[in-house]
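Colleague: Supplied in structure tokens, the structure appears directly below.
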2 protein chains.
Amino acid sequence: METKSENRSFGGTQGVYSHASEACGCDMTFALFLPEEARTAPVPLLWFLSGLTCTHENAMTKAGAQAWAADHGVALCFPDTSPRGDDVANDEAFDLGQGAGFYVNATQDPWAKHFKMWDYITEELPTLLERNFALDRERQAISGHSMGGHGALTIAMHLPDRFRSVSAFAPIANPTESDWGRKQFTAYLGDDTSTWALHDSTRLMEERGFDGPVLIDQGTDDQFLHLLKPEALAHAMTARRQDGAFRMQKGYDHSYFFISTFMEEHVAFHAEALYA
Amino acid sequence: METKSENRSFGGTQGVYSHASEACGCDMTFALFLPEEARTAPVPLLWFLSGLTCTHENAMTKAGAQAWAADHGVALCFPDTSPRGDDVANDEAFDLGQGAGFYVNATQDPWAKHFKMWDYITEELPTLLERNFALDRERQAISGHSMGGHGALTIAMHLPDRFRSVSAFAPIANPTESDWGRKQFTAYLGDDTSTWALHDSTRLMEERGFDGPVLIDQGTDDQFLHLLKPEALAHAMTARRQDGAFRMQKGYDHSYFFISTFMEEHVAFHAEALYA
């Protein structure tokens with residue numbers, strides 16, 4: 001593991017690190033914020049998965065999460081959103097290939113060789129973090145934005161024992177019924193749609209739900225509402241009587257100005273579960 | 001004036017606007033955050049001047065200032081740091097020309113035609129803001145980072161009736177004695193060093209001071225300490241018995257991770273003066 005940068009931030013350290021990833025078959029970069037408390041004891045960890053086109057850097061610099069994580073003594077991990085590099089398959093579209101891993105293990109060529117973001121986020125990166133940083137693996141929570149909200153929700157519902165709480169900002173909520181989903185799942189997973197359902201938050205909510213609190217924020221002026229399909233997930237959460245809240249935030253769009261506005265409440269929401 | 005974008009942020013609006021600047025002889029872009037209170041009455045305004053290489057965008061997206069400005073009902077203006085465009089003189093170095101206006105009126109060729117950032121920040125842009133937005137011109141404060149901290153301090157001491165308070169993050173504090181200053185003042189203002197002293201915060205503090213509170217934050221691990229020369233300004237503030245504080249912040253560097261950490265305290269500092 002190589003330290004790319006470390007900056008003092010809110011009494012803790014905002015680091016950026018890279019490492020050779022076995023899962024993805026390329027070097028991967030991630031950002032980790034450690035609050036001051038991590039100097040003396042392992043701290044809880046909140047994962048934040050980012051959206052289309054993002055690297056580890058966008059949320060690290062624009063979401064304003066460190067202020068609140070420091071307040072609560074919580075670490076933050078911002079992974080990249082796909083494998084990267086000249087040897088890694090790509091597509092001219094912004095919503096397929098590099099920057100658009102969709103948090104699945106690709107089974108189809110040319111993607112299968114490197115696009116194993118599910119394994120990377122759920123297995124390889126957690127193991128690396130536990131070995132190298134003062135983190136308490138028993139106290140984890142997960143959040144994300146857009147494609148990353150999709151990732152956070154699907155991963156949380158698959159691994160209910162790992163995460164105490166899950167939240168999302170404007171998640172791609174029903175990808176099997178959206179052009180943000182069908183296109184990528186066809187490319188990465190193939191035509192057999194039975195493999196897709198494992199990666200659809202609405203379907204997972206209908207079938208499994210989450211054994212903990214769920215918080216979703218969605219802007220009413222989001223330019224991608226027709227692709228995100230929040231109504232499907234809100235229906236599924238309510239029909240299941242899922243512990244949680246689905247909040248429509250008037251006037252907000254899909255940007256980091258929306259995310260940063262509600263980040264304080266998301267971090268506090270997770271901190272309550274992490275310190276319960 | 002053209003609206004480039006407007007995003008809901010912390011209950012208010014983060015806008016980006018461009019306009020044809022007479023002072024700079026080119027189109028200029030600025031960002032303005034208006035808190036919710038501006039919908040019903042004029043609000044106080046905090047200027048934030050950015051550092052070398054920045055546009056209006058860096059501090060708007062990375063400083064985390066909107067959260068605190070919204071708390072206090074204060075507007076934020078993030079101007080650009082120089083004239084821009086293919087017709088505007090430039091230099092290959094990052095610290096001269098576009099992105100490095102140094103908040104002076106250039107008198108020397110090839111800079112004199114466009115590089116009038118002093119007039120732009122102190123006259124043209126304030127007039128434009130007053131005409132177009134719900135801002136209270138009687139309640140203004142000013143802050144900035146690095147080259148922008150230099151700009152904030154020098155402008156505040158030149159225009160003491162305009163600003164109730166001034167703060168800076170890691171300002172270029174003594175540019176007439178630094179390679180961040182001598183090079184640029186020679187290029188923009190010429191060899192007559194008597195014209196330079198008007199643009200040196202340490203000298204202005206010695207000669208004039210500021211009729212209001214001053215807050216300076218400087219990281220102890222700042223990689224540019226030898227260029228910033230904080231000790232000169234701290235000496236001048238103390239020798240003058242200037243109302244204010246010069247704080248050395250242990251372990252922090254020159255980055256936005258430093259700025260965002262202390263932004264809450266800077267906005268609160270200015271809000272106290274603006275609402276006194």
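Glycine residues also receive a Cβ, built from the backbone N, Cα and C atoms like all the rest.
Any TrEMBL annotation is an automated prediction that lacks curation.
Sharing the features that TrEMBL gives for it:
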ACT_SITE  B:Ser146  active site, charge relay system
ACT_SITE  B:Asp222  active site, charge relay system
ACT_SITE  B:His254  active site, charge relay system
Colleague: Could you round the CA separation between B:Asp222 (active site, charge relay system) and B:His254 (active site, charge relay system) to a whole angstrom and send it over?
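Modeller: Counting only the Cα atoms, the answer is 5 Å.
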Colleague: Please give me the CB contact count at 10 A for B:Asp222 (active site, charge relay system), counting all chains in the structure.
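Modeller: For B:Asp222 (active site, charge relay system), the 10 Å Cβ neighbour count is 21.
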Colleague: By the count of other Cβ atoms within 10 Å, pick out the sparsest of the active-site residues B:Ser146, B:His254.
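Modeller: If we count Cβ atoms within 10 Å for the active-site residues B:Ser146, B:His254, the smallest count is at B:His254.
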Colleague: To the nearest whole angstrom, state the Cα distance for the pair B:Ser146 (active site, charge relay system) and B:His254 (active site, charge relay system).
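Modeller: That comes out at 8 Å between the alpha carbons.
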Colleague: In the three-state scheme derived from DSSP, which category covers B:Asp222 (active site, charge relay system)?
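Modeller: SS state of B:Asp222 (active site, charge relay system) = coil.
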Colleague: Please report the DSSP secondary structure of B:Ser146 (active site, charge relay system), reduced to three states.
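Modeller: Its secondary structure by DSSP: coil.
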